[in-house]
Amino acid sequence: MTPISDIQSVMHPAGADAAIIYQFTWVLFVGGTVIFAIVMGLLALAMRRQARPITPGVWILGAGIAFPVIVLTALLTWSTWRTGQLVPQTSHKALSISVTGKMWWWEVRYRDPTSNREIISANEIVIPVGESVYLGLTASDVIHSLWVPSLAGKRDMIPGRVTGLNLRADKPGTYRGQCAEYCGEQHARMAFHVIALPRPEFDAWLARQAQPAVPADTTVLQRGREAFLAQQCQTCHTIRGVTDVAPQLDARIADAPRLGPDLTHIGSRRHIAAGTLRNHRGTLAGWIADPQAIKTGVFMPPSPDLDGETLRALATYLEHLK
Ligand code: CUA
């Protein structure tokens, strides 16, 4: 598996669009610095007592009109040409992933090519490296914005509307992204990761995600699963093969804003709570016991009456769902 990197920077481009944005950043920064230095130099010259007077007409024509027109025309031409090289609209055969922004996490939906069933995950967007991928974006409550600086620019996610973002990762790796539109109390803890895998690894990952949850085959795991159901976790969380409800009910509640992440393969994710904590038994137990202490305002209620043994079994069960 690719090691986790928390790189989230426009200065470390790893995709086609990010490389263009990176180039813009430098051209504007260096260009702006040079012009600033020239202006300051001229200012210093003008302030010298014995400066030779220059005809005002030369200044107005040269520095006031000709120079800005030349610089701005050059910038416009160059940026229009470079923008034309952004990752093109993907063909209908390209991989399409739906991402929904929610307070304060990301729901990620794929379509399994073999069964054509929908696979629902959270907070991690897994993509094949070197391929253009289309992200269909929306939100279920307020406006969010998806931004993964190492790969592409920002795109707003608006309730009731679908916006699109094409991106391509040119190097395998894990790239951190962040909600880029203030969306309430936990906006800062609304992160996600894009994981770019070589095609065969991606296919294997997708096939694994399409499977229902692995069975609870030991006493501890069974106890964990029972605790999950006894605590009514299935009111908000799905574990495919364990908590399935009738399809028509499923469709009706699927977009309920308060619904929590699908946990079918939660053990395979690197983080929980939208990039807030590394994912392991300890953090899972801490989160279940008191999510409000970690992320105040989230919809998940605390479970203060769970005894230590049950909590450990429940966390072990979730960790086991790879
Ligand atoms: Cu979602 Cu800020």
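Even glycines carry a Cβ here, placed using N, Cα and C.
For reference, TrEMBL has these:
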{"type": "TRANSMEM", "residues": "20-46", "note": "transmembrane segment"}
{"type": "TRANSMEM", "residues": "58-81", "note": "transmembrane segment"}
{"type": "DOMAIN", "residues": "92-208", "note": "domain 'Cytochrome oxidase subunit II copper A binding'"}
{"type": "DOMAIN", "residues": "219-322", "note": "domain 'Cytochrome c'"}
Counting only residues at least 6 beyond its ends, the same-chain positions whose CB falls under 8 A of a CB in the transmembrane segment (20-46) are 10-11, 13, 63, 71, 75, 78-79, 82-83, 85-86, 152-153
The predicted model's mean pLDDT over the domain 'Cytochrome oxidase subunit II copper A binding' (92-208) is 93
Residue counts for the domain 'Cytochrome c' (219-322) under DSSP, helix then strand then coil, are 51 helix, 4 strand, 49 coil
